[in-house]
Amino acid sequence: MAKKVVTDLDLKDKKVLVRVDFNVPMKDGKITNDNRIVAALPTIEYILEQNGKAILFSHLGKVKTEEDKEGKSLRPVAARLSELLGKEVKFVPTTRGPELEKAIDELKDGEVLLFENTRFEDIDGKKESKNDPELGKYWASLGDVFVNDAFGTAHRAHASNVGIASNLESAAGFLMEKEIKFIGGVVDNPARPLVAILGGAKVSDKIGVIENLLTKADKVLVGGGMTFTFMAAKGQEIGKSLLEADKVELAKGLLEKAGDKLVLPVDAVVSKEFSNDAPFHTVSADSIPADEMGLDIGQATIDLFTKELQGAKTVVWNGPMGVFELSNFAKGTIGVCEAIANLTDATTIIGGGDSAAAAMDLGFADKFTHISTGGGASLEYLEGKELPGVASISDK
């Protein structure tokens, strides 16, 4: 079902509630990465161009007690957003009550207001996280229409997304629209061949994604720590490599079901220690020494995966190929990132998290069609699950 987008709404003279994802990393009260704020600008600027009043809100971190509030205020975000927009952003240091209501009433067309961290409502009974109906209704009463642009929390049913949408006409912002188009497109209607590359440490984190993508993709390439559970399932020696022993039978079943659709590494970069200072070397995937552990894919696997990618029309990548944070074991992730970035005739998508960070670190971000802003949300979307934050947006 097609969802309404912000361009479907009449915004002139309207109080537009906008759920943004301003959950940015902070250190000593300063924002260390403003990507999420920048990502929300197109939606905010469109609302202002249409002479709407933009009332923004977001969560920031987890807040369970009064002490947790320390360093979790959105005030620094308001200051940064003001710089990026080149206009004042009124900050209201509360989540409800007369001060907020008065500030909204006094807001003029084309003005912006940001109110305090929605998770401050979690201190007394988790009202935000448990989607308290009264809170959703109250927030909805502050506006005329609702725009949800926070894909990063779309897999959660909270008062600030589902709660408001249950009470008010709602639409997707431009960022949410893009996520639905690209991440949803992989699941619903990909251009073929579709190749999925999945990495990361644990099979358990990606089981649902692997199972779903095996029914959708033409090839699923597996790297990262979870490969060793698959190798063990094939009876290969994996030495001291990461193993989820309770998932070996499951991996066996997936291998049987997948046939040659699932492609595993043919070599591994191994070391005796989980350290950047220890000696390391490359061995065949079926002969990892008993006293060593695999920490990356080797060059032969990079070449194999690069070959499997040729001719792909859609590529989705989620999860690093090795211990990316240690430079000796980052080559696999870099190699795969380069191989995808060099594809000229494919829609290329990164499903958030560490892979997105890797692409940005390597300066390849602009070579990808889409880099998702939501780690958990994009994983659940790729699993084929319905996301409450998306489902609750009004249908066209």
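A Cβ is built for glycine as well, from the same backbone N, Cα and C atoms used for every other residue.
Bear in mind that the values here come from a model prediction, so they are computed numbers and not experimental data.
Sequence annotations record features per position, and here Swiss-Prot assigns substrate binding site to Asp21, Phe22, Asn23, Arg36, His59, Leu60, Gly61, Lys62, Arg119, Arg156 based on sequence analysis. In the three-state DSSP reading, His59 (substrate binding site) counts as coil. There are 27 other Cβ atoms within 10 Å of the Cβ belonging to His59 (substrate binding site).
DSSP classifies Lys206 (ATP binding site) as helix under the three-state reduction. The feature ATP binding site is assigned by Swiss-Prot to Lys206, Gly294, Glu325, Gly352, Gly353, Asp354, Ser355, with sequence analysis given as support.
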### Query
For Asn23 (substrate binding site), what is the tally of other C-beta atoms lying within 10 angstroms of its C-beta?
20
### Query
Just going by other Cβ atoms within 10 Å, which of the binding-site residues Asp21, Glu325, Asp354 has the emptiest spot?
Glu325
### Message
Checking the spread of the substrate site as listed (Asp21, Phe22, Asn23, Arg36, His59, Leu60, Gly61, Lys62, Arg119, Arg156): what is the longest Cα-Cα distance, in whole Å?
### Response
18
### Query
Which one of these binding-site residues, Arg119, Lys206, has the sparsest Cβ neighbourhood, judged by other Cβ atoms within 10 angstroms?
Lys206
### Message
Whole-number answer please: how many Å between the C-alpha atoms of Gly294 (ATP binding site) and Gly61 (substrate binding site)?
### Response
34
### Message
Can you tell me the CA-to-CA distance separating Gly353 (ATP binding site) and Asn23 (substrate binding site), as a whole number of Å?
### Response
14
### Query
Between the binding-site residues Gly294, Gly353, Ser355, where is the Cβ count within 10 Å the lowest?
Gly353
